Amino acid sequence: MRTTTRRLPPAPAAAAVLLAALTCLLLRPAAVAAAGGHAADRIVRLPGQPEVDFDMYSGYITVDEAAGRSLFYLLQEAPEEAQPAPLVLWLNGGPGCSSVAYGASEELGAFRVMPRGAGLVLNEYRWNKVANVLFLDSPAGVGFSYTNTSSDIYTSGDNRTAHDSYAFLAAWFERFPHYKYREFYVAGESYAGHYVPELSQLVHRSGNPVINLKGFMVGNGLIDDYHDYVGTFEFWWNHGIVSDDTYRRLKDACLHDSFIHPSPACDAATDVATAEQGNIDMYSLYTPVCNISSSSSSSSLSRRRTRGRYPWLTGSYDPCTERYSTAYYNRRDVQTALHANVTGAMNYTWTNCSDTINTHWHDAPRSMLPIYRELIAAGLRIWVFSGDTDAVVPLTATRYSIGALGLATTTSWYPWYDDLQEVGGWSQVYKGLTLVSVRGAGHEVPLHRPRQALILFQQFLQGKPMPGRTTNVTVA
């Protein structure tokens, strides 16, 4: 990874992804074992898991029989007293990063992974308190998802990812028929700023009544390459992390480039910017980087990612959470409990992200704005949120992109308040879209501001604006 403008978020050192593809023929029994219905996918207990009052399921759904592509999912249901709760599909980006690794394990999921992968602790602000949350590793080759066609790893792109994700949903609802017609939402962050609206468009156009799509939500996501570049470079300059000369050079070289496939001139400009920025966490400007040595590779030592806040580190910040999930998901007993790598044939290290998929990404449309316009007109609930300390897809980028839609404002920019009557961020309501910022959060909002993120999620599900100062707020 040479620049912060391409990976969202950056992958760890490249896993032996080709080995993954070559061993997938041996892994395929995972899909077969889960084919008998959702009861076969029930997780009895994860290693090191505390007692819980909700059920979990995980397994494989085959999305392309001919190619042998199977996607891995993890479902964390809401407690019985909260049912029937909505179903929410969560997607992380990259492209090439695992929703199980990030969304489920260090953001909004039910658990946080302990140091050295020793076990799990319950996340007080887990989103499955109010919804049934479905995490999907996509495309094939990410996390535990796999393909029997090795070339798939080198030919992934937006279009196939969206269609495979739709095929996953159609089959998943057959395995879990009690979720048919349930209120359904798609949510995600980062490069899922593409995945979420693209999949939502497919679901909407399908007219499939089983998938009762009500809306989508995107956090710190790529929306429109031109406006995202403008807002990102402005944020860098305003925060003093690039020089005047580099700011001008970035604008000259990059503004009309693809965010995912930049030109050599843009690459060169972002290399200069990266050198000027130094060893900081661009995904959360004011938090520390992980300084634990690693045997994986030198590139993993300089990863700049947001990290987690943990119950045993009250008030402090742990910048090394990725190391913990890597250790945990490489445990054979964990894989067995998850119904992953059923045959034990996986002879490569599970990683949070795939460098190979990321660096060989194919089609990546430069703008999601046409999809936004289509789905706004269709009446879907659409929310966009942004942590205001993210320097990769910063709030300024999101505001420029949303501004390009030209929507009428129904409620002007105002501070919203959390349950402690502290300013949680700011919001503006447009005709057909709600924009929310989260104060002090980075690229992964539920990671740095978990309590405020849960309030945001609750308001989204209820279709209510972010609370003002006089509004009584209850956190689930």
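Any Cβ shown, glycine's included, is placed from N, Cα and C.
Owing to the predicted nature of the structure, the values given are computational and were not obtained by experimental measurement.
Feature annotations, courtesy of Swiss-Prot:
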{"type": "ACT_SITE", "residues": "Ser190", "note": "active site"}
{"type": "ACT_SITE", "residues": "Asp390", "note": "active site"}
{"type": "ACT_SITE", "residues": "His443", "note": "active site"}
{"type": "DISULFID", "residues": "Cys254-Cys266", "note": "disulfide bond"}
{"type": "CARBOHYD", "residues": "Asn148", "note": "N-linked glycosylation site"}
{"type": "CARBOHYD", "residues": "Asn159", "note": "N-linked glycosylation site"}
{"type": "CARBOHYD", "residues": "Asn291", "note": "N-linked glycosylation site"}
{"type": "CARBOHYD", "residues": "Asn341", "note": "N-linked glycosylation site"}
{"type": "CARBOHYD", "residues": "Asn347", "note": "N-linked glycosylation site"}
{"type": "CARBOHYD", "residues": "Asn352", "note": "O-linked glycosylation site"}
{"type": "CARBOHYD", "residues": "Asn352", "note": "N-linked glycosylation site"}
{"type": "CARBOHYD", "residues": "Asn472", "note": "N-linked glycosylation site"}
{"type": "MOD_RES", "residues": "Thr314", "note": "blocked amino end (Thr)"}
{"type": "SIGNAL", "residues": "1-34", "note": "signal peptide"}
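Proximity note: of the listed recorded positions (Asn148, Cys266, Asn352, Asp390), none has a CA within 10 Å of the CA of Asn341 (N-linked glycosylation site). Counting in whole angstrom, the residue listed as 'O-linked glycosylation site' lies 20 from Asp390 (active site) by their C-alpha atoms.
Asp390 (active site) and His443 (active site) have their C-alpha atoms 5 Å apart, to the nearest angstrom.
Neighbour counts of Cβ atoms within 10 Å were taken for the recorded positions Ser190, Asn291; the minimum is at Asn291. According to its DSSP assignment, Cys254 (disulfide bond) is helical. For Asn148 (N-linked glycosylation site), the spatially nearest entry among the recorded positions Ser190, His443, Asn472 is Ser190, judged by CA separation. In this structure, Asp390 (active site) belongs to neither helix nor strand by DSSP; it is coil. Cys266 (disulfide bond) carries a helical DSSP state (H, G or I).
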